[in-house]
Amino acid sequence: QILTGLFLAMHYTSDTMTAFSSVTHICRDVNYGWLIRYLHANGASMFFICLFLHVGRGLYYGSYMYLETWNIGVLLLFAVMATAFMGYVLPWGQMSFWGATVITNLLSAIPYIGSDLVEWIWGGFSVDKATLTRFFAFHFILPFIIAALAGVHLLFLHETGSNNPSGLSSDADKIPFHPYYTIKDILGVLLLILVLTSLVLFSPDLLGDPDNYTPANPLNTPPHIKPEWYFLFAYAILRSIPNKLGGVLALVLSILILAVVPFLHTSKQRSMMFRPFSQCLFWILVADLLTLTWIGGQPVEHPFIIIGQLASILYFLLILVIMPITSLFENNLLKW
């Protein structure tokens with residue numbers, strides 16, 4: 001991502017007048033510019049698929065018991081989401097502009113300082129030149145901060161060693177990283193590259209929004225403003241609350257709730273490997289998140305509103321109430 005981003009930055013201009021044209025120029029005139037652009041855009045999607053799988057794996061096997069590692073991971077998730085959001089603004093298409101307008105506007109829900117804060121971030125009274133320029137600057141710097149944080153993430157992981165599916169100590173079974181893990185990892189890397197190249201070379205716009213091929217126009221709002229697919233679940237939670245501040249809080253908490261998970265671990269076992277009821281609830285949570293992702297991309301109309309609200313309630317209920325109680329129930333089943 002950093003490499004493709006670097007090559008894109010060589011040809012991109014962060015001015016409202018030329019940003020859209022510069023992206024078009026990259027795709028049409030720069031040698032393999034189209035490839036670099038689509039690798040970067042779809043690489044972000046693959047990045048998020050990996051992150052979601054990584055977080056899901058951590059939840060399933062109780063890896064969140066490594067508190068420092070887990071909390072830095074949550075911080076990393078926020079940083080990557082911020083980076084992806086700002087990157088989406090850079091091509092300066094309709095969805096770029098209106099996405100930036102809608103999401104930055106959410107900060108105005110903060111009491112007292114809200115409206116001042118929004119204008120400070122915009123660098124004016126609307127999303128404009130100043131906003132685009134600073135978003136480009138931040139989008140360039142953040143990945144390096146993320147890379148550094150990922151180093152710290154690993155540093156703390158190495159204090160304890162990694163977890164395994166059984167949730168038991170694996171000290172007795174440790175083997176050299178090379179050649180064993182290096183060979184094993186090649187499979188995953190090849191699979192990742194296969195999916196990414198298939199996306200980029202066969203349907204590069206599959207995950208994008210056609211509205212972003214229309215240059216940004218402050219006078220014309222697109223009929224359906226929605227973020228990239230990897231934000232849709234959070235967007236659905238935001239929209240399911242008919243109050244601005246409430247929605248913003250729910251949006252932030254939908255991710256921040258991950259930091260609370262270690263303190264809600266009531267089971268006497270670490271992993272879900274031998275806990276069928278918790279497993280069942282975990283997959284219900286996954287299905288719920290997929291439902292939210294689907295709802296986030298739908299218009300705000302009758303079946304979708306209520307489905308989104310129910311899915312949002314279920315999301316918080318599962319994590320905060322149902323799963324901890326089920327863990328206690330499983331403890332009793334084993335006469336512990």
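Including glycine, each Cβ sits where the backbone N, Cα and C put it.
Among the features that Swiss-Prot reports, transmembrane segment is placed at 1-10, 34-55, 70-90, 135-155, 183-203, 245-265, 277-297, 304-324, with the record citing similarity to another entry. Residues annotated as heme b b562 binding site in Swiss-Prot: H40, H139. The heme b b566 binding site feature in Swiss-Prot is assigned to H54, H153; the stated evidence is similarity to another entry. Taken from Swiss-Prot, the feature ubiquinone binding site covers H158.
On the structure: features taken from Swiss-Prot.
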residue	record	Cβ within 10 Å
H40	heme b b562 binding site	20
H54	heme b b566 binding site	14
H139	heme b b562 binding site	21
H153	heme b b566 binding site	19
H158	ubiquinone binding site	10
Residue from H40, H139, H158 whose C-alpha is spatially nearest that of H54 (heme b b566 binding site), among the binding-site residues: H158
The transmembrane segment (34-55) and the transmembrane segment (183-203) contact flag, 3+ Cβ pairs under 8 angstroms: yes
Recorded stretch, among 1-10, 183-203, 245-265, 304-324, maximising Cβ pairs under 8 Å relative to the transmembrane segment (135-155): 1-10
Touch test for the transmembrane segment (245-265) and the transmembrane segment (1-10), at least 3 Cβ pairs under 8 Å: no
Highest-contact recorded stretch vs the transmembrane segment (277-297), from 1-10, 70-90, 183-203, 304-324, CB pairs under 8 Å: 304-324
Cα distance (Å, whole number) from H139 (heme b b562 binding site) to H158 (ubiquinone binding site): 29
Pairwise CA distance, H153 (heme b b566 binding site) versus H139 (heme b b562 binding site), rounded so that it is a whole Å: 21
